[in-house]
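Visitor: Please read through the structure below; I'll follow up with questions.
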Amino acid sequence: MEFTDKYMSHEHIEQYRLASESVDPLSVSPLTISTKQKSPRSPKSSPKSPRSPRSPNAGKQSKQSGSPGGSPLKNQKHSNSGKDGRPKKGGYGGKGTWGGLLDIEDDHYVDPNDPNYVSDEEDKNFAPRTPEKLQEFKKKATIIVEEYFANDDLVSTCNELRELEMPSYHYYFVKKLVSIAMDRRDKEKEMASILLSSFYGDAIDPQQVYKGFQKLVESADDLIVDILDTVDILALFISRAVVDDILPPSFLTKTMAYLGKDSKGIDVIKRAEKGYLSAPLHAETIERRWGGNRNKTVEDLKVKINDLLVEYIVSGDVKEACRCIKDLNVPHFHHEIVKRAIVMAMEKKQAESSLLYLLKRASEVGLINSSQISKGFGRIIDLVDDLSLDIPNAKVLLQSLISKGASEGWLCASSLKSLSLHPGKRAIEENTIKAFKKKSESIIKEYFLTGDISEVSLCLEFENSSYIPELNATFVKRLITLAMDRKNREKEMASVLLSSLCFPSDDVVNGFTMLLESAEDTALDNPVVVEDLALFLARAEVDEVLTPQELEEIGSQFSGVNSVGNKVIQMAMSLLKARLSGERILRCWGGGGSSINGWTIEDVKDKIGKLLEEFESGGDKREACRCIKELGMPFFHHEVVKKTLVILMENKNERLWSLLRECFEIGLITMNQMMKGFMRVEECVDDLALDVPDAKKQFESYVARAKVEGWLEASFGVKGTEDKLENGFC
């Protein structure tokens, strides 16, 4: 009997062949389909596997088989009922059956829309095409991004993105948004960053954001063809995403692992890691790079935080409070929200439950991360002694709040410092420390006036006759804190006094540890606290007040990569590893250490003047930068800015402006030092007008250029003569 199209189609023959090839050859002997007349098969050649009961030749084969063993279907039992005995839902499973590969029904047809359908006319090795949905999404995503940059409407943009109903392609939206913004002005770059932080976890899934940035890094080689500064801009976008907590810091190392050696993506990752995220106070600097948050001072933020918490206590609207927190767009400052909320809960018992619920809700939705919550509680633990003056049972209340937060799962109590619950035992020590702080402050201020080290030593012996270690550590902290708020003369005097008092090394270590623990609060008032503390630590090691091992011991207590304490330690170690570090550190504040005269301020000014004159006359830019760096006085770089501007106004030599640009781009002169330099010129611009008639006009033009270059904040403006400081100097 012949197999014809009437019984078996071409598609079924092909499917049968493929199924036969995929069967384990050890368990099933191969079957062949022939279009010729079949010959009777011996028992040896008959297939071991049963044929489908609906196969056309199943019954015939059973009759023709004459072997003693009988057909494999001999013992197969069939139901006499009218029910179909095939597997349910047309499946191919079931014990003792292969299913329906050869099943032929009258209504059988080949569905071209079947994902397994392959046309005979098409090549078997065809390549799959890009899904039409992705192409459609790409077109619409581009339109949405362009409209957002035109109208700056986050709500409508969010609605349009959701209406596409393609969340699996949102990574392309992230990529398209950033790639378009990279070729636009700073305004669009800032808008793109705000949109990503606003949509994160809400309109766009975190995994899609992660994947979108991965795609951007992978396409850096293509982007650089059209955008020459792709490496710097994309690195800044990644850094901003890390600061805004929409990318984990591990993104850098994980992405670096699979990039090719020659990929521009590696340069992007390195620039983000070493150029932006490792810089002191990088969060504030990155957020202000494109003009964002320039009008937000720390005091303004504290007022807004206080207002939103007070409003929340009255209204009880958690969603509105969370929206206000998100609108502040300062994820690195959320610890202040935690701190103020806990203090309010301690002051107002009736508001305790609602404030704790707000913190719990903000933690659950990822608005305030665990590190910011721990940091906020840590700040309160440090201030609990002062809070006890206004809230008598502050320690007991704080311990109760910590226990509630830990039991609800939004606070990690093990990450907090220990809190003593024995106020009676600590009362005398606290009073002693407070009294000693006041007396030590007057001793230090008198020393800054007289410079009498022996008098300080006698006063300390009288005030700390019992040689209490805590008091020595408190004096070290107070000495350096007061010196950091003063000029280089007082800083030099503080280092000389510290090396002369011969405190036990453990007391000095504890004093510096206390300084680093409070460094983040100090940074709110002193932007260069990292540089100052690093120099004090390095100077203490050079003066042999601290040993290298003790410096490492201090550093081991600040393992957080982004903590201010860790940055201080790293900077101090880098200063100590530099060439001729000992001599430079001894002269960092104009002295030579241990009362030995070193460079005076006039010497430094003279050196700066000479190197600028040499550069103006045709010197090399790199050599000039090297000379500025070798001065070893980063806190005095505002003098370089000031002298450069004065020479520019006098001689109008644009080469000097290019020197400032180079110094800023390589991080040699910080924005803070630029600001100081321009402010000093502003103070004496009227005196300069005596020699340079258009000095004020030139200065205004240089200020405008500096803002465009990104050296100055937009709020920096030319003051009128009535606001000029009377004690300004040139």
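Just so you know, glycine gets a Cβ as well, placed from its N, Cα and C.
Straight out of TrEMBL:
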- 19-127: region 'Disordered' (REGION)
- 40-72: compositional bias 'Low complexity' (COMPBIAS)
- 90-99: compositional bias 'Gly residues' (COMPBIAS)
- 136-257: domain 'MI' (DOMAIN)
- 300-421: domain 'MI' (DOMAIN)
- 435-556: domain 'MI' (DOMAIN)
- 603-722: domain 'MI' (DOMAIN)
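So that I understand the layout, could you describe where these features sit and how close they are to other parts?
Guide: For the domain 'MI' (300-421), DSSP puts the residue distribution at 99 helix, 0 strand, 23 coil.
Confidence over the domain 'MI' (435-556), given as mean pLDDT on the 0 to 100 scale, stands at 84.
Per DSSP, the domain 'MI' (603-722) is made up of 88 helix, 0 strand, 32 coil.
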